[in-house]
Every structure is written in structure tokens, then in C-alpha cells.
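Below: the structure, in C-alpha cells.
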Amino acid sequence: MTFYEEVGDQDMNHWRNQAAHVPDALRRYYLSFLASTVDAAEERSLLLSENESLLKDKEALGEEVSSLTKSLESIRKEAKEKDRQIRQLRESLEMTQKELNVNRAEMTSLKLELESMISGRNHERSQSGDIPALEERQIDVNGKAADSVPREDVVNESPVTQSGPISSTTDMSKETMSSSGTLTNVYTESNGEDGYKSMLTSDELSSHETRRDSVDEKHETELQTVQVLADTLPKIVPYVLINHREELLPLIMCAIERHPEHTVRDSLTHTLFNLIKRPDEQQRRVIMDACVSLARNVGDIRSETELLPQCWEQINHKYEERRILVAQSCGELGQFVRAETRPSLILSIIQQLIEDEATVVREAAAQNLALLLPLFPDLDKFFKVEELVFQLVCDPAGIVVEASLEQLIPAVVRWAKSEKQLIHHLLSALISRLLGSVQRCPPLSGVQDSLEFQLRILGERERWVSDVLLRLLTQLLPEVRRVAIESCPFPDIFPEEEEEAFFSDELLGLYARANLQWPDFDWLPEDCFPALLHLACMLPPREEGLRSRLAKLLLTASNLFGGAYLMSIVLPIFLMAAGDYADTSHLSSRLANRIKGFKPLTPRAEQLARTCVLPLLLAGVYGAPNMKEGYLAEYLKNLVLQSSVKQGAWTPVHTPELIDAVRFLCTFNQQHTVIVGVLWELVVNPNANVKSTAAVLFKALVPYVDLKLAQQQVLPALVTLGSDPNLDVKYSSIEAFGTVAQHFKDEAVVDKIRVQMDAFLDDGDHEGTVAVMRALAAAVPHTTPSLRDYLLQKLAMLSGATTQGTTLIRRREKVDVFCEAIRALDATEISAGNVKDLLLPTIQNLLKDTDALDPAHKEALEVMQRERSGGRLESISKHLKKTSMGGLFGEGGYLSAPGSPSSATASAPDSPQPAPSPQPEEGRLKRMMRANFGEMIRGKS
């Protein structure tokens, strides 16, 4: 029997509150059972000891907290005491400054009094003839007392007194004071006041007192005048015309310079900076000239304490003209402050102005930072200045970039010229930023194994930054050359007067054989050129601007370092990177191994090299002025011959990278003669593929040549190709003729093109006809009216020709080309006669062949036919609005009964009607929009 059964009269879940009720009895029993075991006892003892140690730690921490609290209270008391002392010191400083100003004023008055007295005595003695005796006594006294009287006793000029436009007495009497001050002091020190007075008669004493009173009055008058200026100028300035306020500058400057109170001078300085609300460039120049003159007169301490605070207050002004004035102040007042203030306070002001939202303010900041850098005492702030330089160079505003490149960069180079490590750091940071700006752009394709994955889609900002950094690198190349020449390890062999031909074959060979380090020379081939190759391999073909900038950089490097450097260093690097063989036996093993690593190893890498590196090799390396004569022509000819013989003629589909490389070379005008000479050699080559390639390259060359070269060289070559018996060669020149028609409007050139096109059309070949129509249609928007009329005549003739025996595919191809040509012509001005006699019949002929006509073309042609037919429906609707109801339904009206004679006459289809007068030509923009209507329809479908 269980316990529960024995006590069945008890509710075990709800115990009554009595003696038998023990809360948590089972848990207590279990704990007591565990405590009775040996392990439990040991564990309990450990817990108790640990509890005791924790209590002790708690007590120690409490004591430590109390001690820290007491120390904190004492520190607070000390801080309060120090604050009180600081306040007392500030108050005492202000009182001392006031007393000092008073003392300075007294010293100035005493000095003026002394000068007036001495000049008066000299004047009286010169009149009475006693000057020689006085001079003798002065010489005697000076001879006796010169050794005993120290120089410190001589009265010196107060540093506060400055020369200015108000008081000329000080300037006029400096010489008198310097010649007579010693005499007065010597007599005063040696004989005392009584001895000095004993030398003077009663008349002299009375005149001395009179002059002293006059000097006091004069000094008082000067101070009062300055005070009046200081009080009235702030009230006068607002009521003076803005264009004439600059005439107040001398008064403001004199008041600032002469007034003894600091607060008044600050107020006047504020008035000086705010003299004109929005000063233009000329007004800012006048204000800055005044500030510079004032800073020169008052010294560096007052310039820092009075002028620079005004700059700091104006830095966030709402008008950009005021902020420009602050930037000019930093650059032009920097030389009048202490050296330690320039790289700290003034540089901080410039840094904040560089981040200004106004373009002209950032431009002024760049210009004045260039003025400030030569005044820095050391190069401690170089890395901060470097960040500011890159921020300005990469600015989105063109005027800021130009100011930085033209003024700031030369100043930075001159400033850091003594430390070549800083120049290398600047170049390394430039290369890193250049590559980083392109690498951050998304790839052209997401397929990792494709060529487009290596190319980048550059945004406008990245393209701008890359172009500016390439310009900066080009500008720094002369400095790279200078550092390399100065660190040359062979100074005795190559004198400095031969710097233009410094990097000769002899020097390069000697360095290749010597086991020496020349890191300044190795920077270009080991760091710069590999980075440029990496950059070039990320630029797609459409980034022609950046590729041109790279080519110009290579041309500049070749011009600076000479032809030997170009042939020995630059040419092997880019030949190997383009996938060709390069001789590196004349180089050091380290550099040769580095160059061999540039060679592409996979087919995709070779294609990438042809796309990105080959244009630079042609234009930037072989196209250099100091490249050996004939090297470019030989390389270009071999490139075309080898690829055309092995892979066939060049086409935009199969070899676009090779055509783009030659076309990029054509953008350099100085290479046109070489290119035309090579192409003529290809024209007379017996291989048909080579001739076809020449025609393709002539098409790429035509947009960049002038009229004279086109008439004398290009057109004769194309005529030769167009007369070739091989049809592939003949028809490959048609697109080139069309390109000539697009770019030249000379009638002689157009006549030659028409003659050649007639020859092509006379052959009657389908491919030739389609190619001619396509080439002329592409030239329609840019060519002459005579060629447009010629095309319209040919369209009318060819569209009316029979198409029996022609396959549907060829008919569709021909009709599509004709429709494209019609649409191109419809977007231009066509005479009414040509519309009636040529355009409308051509449209009707094309609409007849419904099987070959594309629905989109059909719709566009119908629209053209309705609008070019004279607008009969529109004229009818206009006439209906003008007629009355009787005229509409009466006899002879448009809506008369069908049986009436007039209606029968009007409805007779064969009755002769006068030709509708052509409507005025519609706007050219509307026709151009309609010309693209068919393409829009096809694109949607």
C-alpha cells in the first residue's frame, strides 16, 4: 500500500497550512541527501571557500571604487580651481594689454616731444651760430661717457609705431632722433637733469616747454583724428557707391594701422573685407592689394591675429565672391605670417575651400595653394598636400583641373624637388588611382572566359578621372627623366651638357652589362609601362579618347628619353605584349625576363592584345618621331600581308580588332603619308585578299584625310581597285567610295564617284547594285544635292526594271535597300519636280511588288506617298470648311445628288483633272522621324 493510499482523506496537491505542511519537501530532502555524501561535502567546502574569496574581492573592489570616487572629486576640484585661475589670468591679461596700449601711447607722445625739442634746439643754435661749440661739447662728452653708458639706454622706437599715410612726423624725424638721441641720453645719465638744464638758457627752457605743449597737442590731434576715422568710416561706407568704395581703402588702412584699441581694429578689418558685397575680379584685386600693404606694415603677429580671423569668418559666406577673396588672402598673405602658421591654419582654410561647391572657389583654392607651397618651411605636410592635389586634379570641373595642372603641379614638383622619394610616392599613388578608377567599373560581359569580361564599361566620371590622371602622368615624365639622370651610376662617362642624348646605346649597354642598381631608371620599364599595358587591356575599342591619351604619353616618353631608349626598351615591351617577337639579348637578364612575361599565352589573350595593345604599338611606339625611318611602314605592311594571306581579307566581322588598330593609327595626321604609301603597295599586290584588305583600310582612312590627299591619292587608288577584274576586289571598294561621298562635297570628287558608280551599275550584278545603293543611301544625309538627285534617278530606273527570273530572296534584299534609300532621301530637301517625276513613281513601283516588300516598309512608303502626293484629302477638308451648306448640297456641290451632271462629272475616274499643286515641303525633322518609323516597327515586332 502506497502513502497516497494510506492518506486518502488528504488532498496531496493542496496542503493545508498546518504543522505537517513543509514547502518543497522533496527538493529539500534531495539536497540533504546529496549533502550527506563525501563528494558533496568536498564540493560544498570548495563553494564556501570560493564564496569567501569572492566576498574579499568584493570588499577590495568597494575600497577601490571609494578611492577612485575620492580621486575623481579631487580632480574635479582641481579642474574648477584651474578654470578659476585661467579666468583670473585672462582678466589680468586683458588689463595688462590695456595698460600696455596706454603705455605705448605715452611712449609715442614722449618720443614725439623729444624729437621736437631736439630739432628746435638745433634750429635755434644754427641761427645763433653755436652749433660748432655744441658739436665739440657733444664729441667730448661722447668720448668720455661712451664706454660707461650702455646701448640699452638709448631711446628706441616703439615696435607698435609704424609708418603710414597719416603721420609723417615720425618718418621725418627718425634721422634726427638717431643722431640726437644719444646726446640727450648721455647728458641726462652723466650730469643728471640739472646738468642738462644748466646747459640751457632761460629762453631755451621756455621754448622747450612751448614745443612740448605743441607736440602734446599734435599727438592728441592725431589720436583724435584716428578716432574720428574709426567712428565714422563704418557709418560712411554703406552710403558710398559700390564702384567708388575702393577710394576709402587708404582711410580704412590708416585707421586699422594707427588705432590703439584691438576691438576697433577688428571692426575696421571686418569692414575692409566686407567693403563690397560681391566684389568682381578687379575689385578683389584692389582689396587684396590693400590687405597685402596693411600686412606688410603691421607685421606677422598682427597679420595672424587680425587679418587671418577675418578669412576664417568669411570661409562659409553665402556669396562665392567672398570665398574667392578668402582663397586669395591665403595665398597672398601667407608670406606675412609666421612660418609655422602656413602649414597649419592657412592650409586648413585652403583644404576647406577645396571642398567648396562653387567651381570658381575651388579654382582659386588651387591657384593659391600653388602660391603657398614655396612658403612652407619643410616637407612634413607633403602627404596631406598630395591628397589635396589629387582631389583638385580629379575635380569634375574643367577649369579647376586646368588650374591644377598648369599652376599647382609645377609648384608641387618644385617644392618636393629635393626629395626624390616623395616624387616616387606621388607617381606610385598616381598609378594606383589610375588603375583603381578603371578596375572598379563593371565588366563588358559576365562570361568569365570571354574577351569582353576583361574589358570595362567606363562611366563619365571614371573616364574623366582616367583622362586627367594620364595627363598628369605625362606632365610628370620630365621630372622622372631628371631624377633618373641625377641618379645615374656612371656620372664620369656622360657629362651633363649632353643631357639631350643622355640615354644612348652606349649607356644602355653599359647598364645592361653592369651589376648595378638604378631604380629611378627602372621605374618606367618595370612599374609604369606594365601598369599602362594593364590599363590598355581594360579599355574597350570605343574608348578612343583614353587610348589616344595613352599613345600621346608614349610619344612624350620616347621624345624625352631618346631614340635609343625607344628602340632598346619601349619597342621590345610593346612588341612582346602585342604577341610579336622582340629581341631582348641586349637587355639585362632581369629586365629581359620581365619583358618576356608580357607575351600572351592563350588565344583569348592574343585577341585581347590585338584589340588593346596593337593600336598603342602602331601609334605610340612605331609612330614616334624618333623611330627609325621605315619601321612603321614595314611593320604595317607585314601585318596586312601575313594576316590576309593566311586568314583571308580583312572584314569588320572577322578582323574588327585589326581594322580598329589601323583606323586608330589614321587618327594621327602625321602618319597619313606613311599609311597611304603602304596602301598603294597593297593595291598593286597580285593577291586578291590583300587588295580587298586595302579597300577596307582606305575606308577607315578616308574620314581623317584632307581634300588634297583624297583627290591625289585616295580616289585614284579606289578607282584602280574598282577597275579590278576580280569582282570581290571591285565590290569591296564601293563602301570606300560611299565614305568619300559622306566626307567630301567637292563637285569634282562627286563627279568621279558618279562615274565609278555608273560603272558598277552597268555590270548589272545583283551584289554590285545592292552595294552601290547601300553606300549612296548612307551618304545621303551628308553629301551634295547633285548626288542625291543622282541616287533618286537610279532608284526610279532600277525600281521600274523587270524582276522576272529573280529569286524572292534577292528581290527582297533589293527592295529593302531601295526602301532604305527612299527613306533616307525623304528626310532631305527634294524639289517638287523630282518628287513628282522620280520619288512618287519609285514608291509606286516598290508598292507593286507586295511579295518582296516588308510590311514595315510598305506602311512607311504609303505614308510618304500620301504626304508627297500633294495632300488632296487635306485640301478637300479645308475647302469643305470654307463652303456653305448650300454649296455642299446644291448643284455643283461636293454632296449633290448622284444623278446630277456635276456629280457624275466629279466622280468620273477617267475625266481629265488638273494636277494638284504640290504642297509646301514639310519640316526636315518630321521627315527624318518618319524615315526611322519602319525600323521602329520592326524593332517592336
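Positions of Cβ are set from backbone N, Cα and C atoms, glycine also.
TrEMBL lists 58-106 with the feature coiled coil.
Feature annotation from TrEMBL assigns compositional bias 'Polar residues' to 158-190.
The compositional bias 'Basic and acidic residues' annotation in TrEMBL covers 205-219.
The feature compositional bias 'Low complexity' is assigned by TrEMBL to 896-910.
According to TrEMBL, the feature domain 'Cyclic nucleotide-binding' maps to 871-941.
What TrEMBL lists as region 'Disordered' is 142-219 (among others).
Summarising the annotation, TrEMBL assigns region 'Disordered' to 891-941 (among others).
Within the chain carrying the repeat 'HEAT' (346-378), a Cβ under 8 angstroms from the stretch's Cβ atoms is held by residues 308, 311-312, 315, 320, 323-324, 326-328, 330-332, 334-335, 337, 339-340, 384-385, 388, 391-392, 395, 397, 399-400, 403-404, 407-408, 410-412, 414-415, all 6 or more beyond its ends. Look at TrEMBL and you will find 346-378 (among others) tagged as repeat 'HEAT'.
Look at TrEMBL and you will find 714-752 (among others) tagged as repeat 'HEAT'. Tertiary proximity for the repeat 'HEAT' (714-752) is limited to same-chain residues at least six positions away from its ends with a CB under 8 Å from its CB atoms, namely 649, 676, 679-680, 683, 688, 691-692, 694-696, 698-699, 701-703, 705, 707, 759-760, 765, 767-768, 771-772, 774-776, 778-779, 782-784, 786-787.
In the repeat 'HEAT' (714-752), helix, strand and coil residues by DSSP number 31 helix, 0 strand, 8 coil. Helix first, then strand, then coil: DSSP counts for the repeat 'HEAT' (346-378) stand at 26 helix, 0 strand, 7 coil.
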